[in-house]
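K.L.:
Annotations for this protein, taken from Swiss-Prot, read as follows:
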type	residues	note
DOMAIN	1-58	domain 'Kazal-like'
DISULFID	6-36	disulfide bond
DISULFID	14-33	disulfide bond
DISULFID	22-58	disulfide bond
């Protein structure tokens, strides 16, 4: 399990590159930044704890 490096994306637009990550919530995210945006925008406490399960699609 990998901690996403969300600090890299603070106040920036997500890059358009497709580099899928599989979250510990078993969802595939477009890239690490997209996962970080989801975590930041979510109001659910459980979502704040999502990590990267693996690089690539779930």
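Cβ atoms here come from the backbone N, Cα and C positions, even for glycine.
Since the structure is predicted, the reported quantities are computational estimates derived from the model, not experimental observations.
Thinking about packing and proximity, how do these listed features fit into the structure?
P.N.:
Taken as a whole, the domain 'Kazal-like' (1-58) shows an average pLDDT of 96 in this prediction.
For residue 36 (disulfide bond), the same-chain residues 6+ apart in sequence whose C-beta sits under 8 angstroms from its C-beta are 4, 6, 9.
Under the DSSP three-state reduction, residue 33 (disulfide bond) is assigned to helix.
Under 8 Å, Cβ to Cβ, and six or more positions away along its own chain, residue 58 (disulfide bond) finds 22, 23, 26, 27, 28. DSSP classifies residue 58 (disulfide bond) as coil under the three-state reduction.
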K.L.:
In DSSP terms, helix, strand or coil for residue 6 (disulfide bond)?
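P.N.:
The residue in question, residue 6 (disulfide bond), is helix (DSSP, three-state).
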K.L.:
Minimum Cβ neighbour count within 10 Å among the disulfide-bonded residues 14, 33: which residue?
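P.N.:
Counting other Cβ atoms within 10 Å of each of the disulfide-bonded residues 14, 33, the minimum falls on 14.
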K.L.:
How many neighbouring Cβ atoms, not counting its own, are there within 10 Å of the Cβ of residue 22 (disulfide bond)?
P.N.:
17
